[in-house]
Each structure stands twice: as structure tokens, then as C-alpha cells.
Amino acid sequence: MREIVHIQAGQCGNQIGAKFWEVISDEHGIDQSGTYHGDSDLQLERIDVFYNEATGGRYVPRAVLMDLEPGTMDSVRAGPFGQLFRPDNFVFGQTGAGNNWAKGHYTEGAELIDSVLDVVRKEAEGCDCLQGFQITHSLGGGTGSGMGTLLISKIREEYPDRIMETFSVFPSPKVSDTVVEPYNATLSVHQLVENADEVQVIDNEALYDICFRTLKLTTPTYGDLNHLVSAAMSGVTCSLRFPGQLNSDLRKLAVNLIPFPRLHFFMIGFAPLTSRGSQQHRALSVAELTQQMFDAKNMMCASDPRRGRYLTACAMFRGRMSTKEVDEQMSMVQNKNSSYFVEWIPHNTKSSVCDIPPKGLKMAVTFVGNSTAIQDMFKRVSEQFTAMFRRKAFLHWYTGEGMDEMEFTEAESNMNDLVSEYQQYQEATIDDDADDMVNDY
């Protein structure tokens, strides 16, 4: 029931995805060969959300792995959980997209896309009642951004009524991995605005900050960053996988979080953030969790929620706790900080409570917020985009793959529209429309 097909695209997507499967397998008591070694029936009760039971009681992830070069796939296959995946579900090319969105979306990616869709179709057909798709990818490179968005639009055509959720790694403000990031990201956002249902915005810099500041790691690796992301990813779907007092799923999340169809870019956070060794020593209360979860330092993307207002927010608690306390804490946060929530959506937080906490913790919470502050992120990318596009720098790499400059201009204006929409709703108050209505008569 309620299965989710997981897709990972490009190097970043595959590395986050691999970590995610480690976390999920751990929660469900599945070892590296796919055999169940858990200690509770609850782990098996709804394991079919992410796993398919194969012959001999092996559990196989409903995962599709794709990339335009074999390197990352090989390291996933050689990694700790590499033997878990279905060998046919690794789809890769040999050429690589070379950080070029056009290669991923129009040339190299377009050649590979049909074989990816075949695998996706096969996974979807193996589901009783498909809830939707979740995709991990980055927007700065070529494959995850170009081919990832191509796949999203193809899946959209074929499964229009299924939820499409993406975990998208945006380019960071100060650290850049690729010079052409602003181009790739802007072209991708152009696609995500139209074709995705919910986009969880992640950003390496914010993750590094969490590792330095909160976890006190001196030299965080990508493994540490991806561990943070997968903790939050596991929290988003925990209500589907474990029994709880108050459930949420991808569709409920979408309905509660998206007031206007284009504004579906969310900040995610996770609490408690404790370094790996020190988890066991103190139990947190619901109050502390709530406080930590709304803290700007907890957000996995580099926009400060205090610079905008929350249109909506959703908190997914995990562990044994009283729902009454959860409700009280959530409404207390809203009353205390009412200026940070738009007043024209009363009660704009949703909470859910799932009984099973993540491994090693007594209680935890995943936070998903739809805040107007996310416009900072788009503004930043857009400024970098404009600076390069004005000089037509690096454009020949894209036009050489058959792209048109028009497409860049469209993507740019779509992103700027998005920013001004967020700005408009940030400033809107209840009284705005009242005046307009008087004028209508």
C-alpha cells in the first residue's frame, strides 16, 4: 500500500540516495544482503512502501539509479549496501554530461531516458497503490539537473496524478563546485516550478554550517552531509512506514503546505541535531524539539526564515509523546512568533506524530516549512545568472547542444516571477483585499 518509487540521478543524487537507503534499511532492520534481521513486527508491517519482497524473503529497494557516467554507480555498487539494489535498476551512460544542463536534458540524457523510463515503469507496475515518486538530484551539475528534470517531465506525462517530490541540492552562496551552476540551476528551477509537486531545498553550505556549529565536526565529509539529508528524508515518509497517532503522507503534505501552485519550494530541518556519539545522554522534551526545529540554524538551506514569513509549516514528530503536548507547543510557537507567520492563513501549521523514533533517539522531529524567505536563494542564483548571461559567457556550450538563447531568457524571467510572487505574499495582509473589494462596487 502507498508505495514510493525512489529515483536518484547524477553523482550528488546517487550519493544522497545511497546514504538514504542505509538509513531506511537500518530503520527496517534489513541487512546489506536484503535479509530481515529486525526485532519488531512494526518494521515489517509496511515495509512495502520502499521495498519489494523478492523470492527467498529478500527485500529489494524500489529504487532507480541513473547517471550519464559509470563512476558513481560503481562506487554505489561497491558500497556497503550495493548488493541490495536490483542489478537491472542501474541505468548509466558512458559519456557524462560534463556539468552541462543541455547535454543532460537534450542530447546525452535524451538518448538514455527511455531505458530509465522502462525501469521506472517496471517499478511502478510492481506497486499496489503508487503514492508517488521521490527524486534526489542536484541542480548545479549536468545529469541531476538536466536529465533529472527531463525525467520528471516524462514521469509527469505518464503519471499525472501521482505526487512528484524532489530533494534538490541548490548551489551554495559561497562555495561553488562548478562555474556554470547558475545556468544549470536556473534552467532546472524553470522545470521544477512547472513539473514537480514539492521540492525540498537543500544546500551544501547550510549542511556544512550544521556540521561545524552544531555537530562540532572539524572536517565534515559529503558522507556527513548526506547523513543529515537522509535523516530528514526518512522523517518525511515515516508516517507511511510506521503506525502513528496522526498520519501524514506526500499528498497531505502537499495539500497542507502549498497555498499557491507555484510556491512549492520548502525548507527542511531536522531535530535533535546531536553529533553521532553524544545521542544517548539526554532525553529531549517536545518543547525543546519544537524550539530547535524552528531555529534558523537547523534549516538545511541557506536562507534565514527570519527574513521572511511562513506561509505554512509542517512538523513530523517521531517517538512516544503526547499529541496534546505537540499541539500545545505548535500553537505556542505560532502565538509567540506570530509576526513570522502570515496572518491570512489561520492555523497554518500541520503536525503529525509517528510512534517509532529513528535509531538511537527517543524522540525526533522533521520540519518542512514553506517560507517566503526562500526567495533569497532564487535571488542569489538569479543575480549570478544575469551577471554571466549579460556577457553571454559559457553560452556556446549550451547552444552547441542545440539550445536556444530564448530558453535562457524564459528561465530567467520565470525565476524572477517566482521571487516576486514570494515577495508579494510576504507583504500581503488580511486587509489588502478588503480595500480592493470596496473599490469593485
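Glycine too: its Cβ is placed from the backbone N, Cα and C atoms.
Since the structure is predicted, the reported quantities are computational estimates derived from the model, not experimental observations.
The GTP binding site annotation in Swiss-Prot covers Gln11, Glu69, Ser138, Gly142, Thr143, Gly144, Asn204, Asn226. Swiss-Prot lists Glu69 with the feature Mg(2+) binding site, giving similarity to another entry as the kind of evidence.
Non-local neighbourhood of Ser138 (GTP binding site): Gly10, Gln11, Cys12, Gly13, Gly144, Ser145, Ser168, Val169, Phe170, each in the same chain, at least six residues away, with C-beta under 8 Å from its C-beta. For Thr143 (GTP binding site), the same-chain residues lying six or more positions away in sequence with a CB closer than 8 A to its CB are Ala9, Gly10, Gln11, Met66, Asp67, Leu68, Glu69, Gly96, Ala97, Gly104, Gly109, His137. Spatially close to Asn226 (GTP binding site) yet at least six residues away along the chain are Gln15, Ile16, Ala18, Lys19, Phe20, judged by Cβ distances under 8 angstroms. As a whole number, the greatest separation of Cα atoms within the GTP-binding residue list Gln11, Glu69, Ser138, Gly142, Thr143, Gly144, Asn204, Asn226 is 23 Å. Non-local contacts of Asn204 (GTP binding site) by the CB criterion (under 8 A, 6+ apart in sequence, same chain) comprise Val169, Ser172, Val175, Leu225.
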